[in-house]
Amino acid sequence: MQYQQLLIAYLSATAAALPSGLKDRQSSGISGLGGLSGGTGTGTDSIPSSIPTGLLGGLGSGSGSLGSGTGTGTDSIPSSIPTGLLGGLGSGSLGSSSSSSSSGLGSLTSSFVSGGSSTENGLSDACQKVTLIFARGTSELGNMGSIVGPGLSTDLKSALNNNVAVQGVDYAADAAGIAEEIGSAGPGTKAMIKDVQTALSKCPDTQIVLSGYSQGAMLVHNTMSSLTSTQAASVKVALTFGDPFVGESIKNLPSGSFKSFCATDDSVCLTGASSSPSSGGTTSASTSGHLGYGADTETAATFVKGKVSV
């Protein structure tokens, strides 16, 4: 099923972005993902704890378990990395092997996190000429996350001389949401639609920019398919990063107003740079696969500047 493939792609892309020493420690555990597609994987490390047990019920018999071990650490793990993926390296106790983190883990965090706030509630503030509504990726904290959202907010405010309100979408952003957002308007999509409606009700003349990273990118596609023609006309730009639906056009929006960034080594956006330009496909500057899209926020902000009036 497609959502199983997306889950596997997400985990594989995240693991691929880790430094080699950490990837080596996790290699035996990844084999347990065979169970996701109906096999009998025998991985010994735990599947990331952000995937609810019920979601994987009946899908396989990999021996990796959720929360089967303990680990301690002094530095934090990037919030977009599922909690159990680095079992024993973070402050949590999810993962079947035990080890303690080194101070070097702090640099791992900083290499993926963009500057700015992980929470933005600009719809509560005064109207601006432009309103950015952003949906974070799976397991990220706040309503903006840390990989793309804060940096995009900072760069867009700079490019537009602060004539922009920024609102993060408040939704669970958990692994179960991936399945819920495929082929229908799940809870995350409904939350983004509500933010658009709130923005236009309060500020009818604002120009809306919709954006999302990873699972959040799925919300952008679904939202544009669900808005009324009047609401869609107020959306001037759509931006996606690490988009599972890359290569698909955004409905109700001119193709020249959509840009989708995909890293060449990111298996979440499978078609990547080969995507048709008419569908917004753009090669990312990321050098860290699915976790490196903070490198594209300045380019994205410049693109928006050319599409809106301030």
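Placement of Cβ uses the backbone N, Cα and C atoms for every residue, glycine included.
Curation plays no part in TrEMBL annotations; they are all automatic predictions.
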Cys203: disulphide-bonded cysteine as recorded in TrEMBL, out of Cys127, Cys269: Cys127
Listed disulfide-bonded residues (Cys127, Cys203, Cys269), ranked by Cβ neighbours within 10 Å, top entry: Cys269
Local Cβ density at Cys262 (disulfide bond) - other Cβ atoms counted within 10 Å: 30
Candidates Cys127, Cys203, Ser214, His290 (recorded positions) with Cα within 10 Å of Cys269 (disulfide bond): Ser214, His290
Recorded positions clustered about Asp266 (active site) [Cα within 10 Å; pool: Cys127, Cys203, His290]: His290
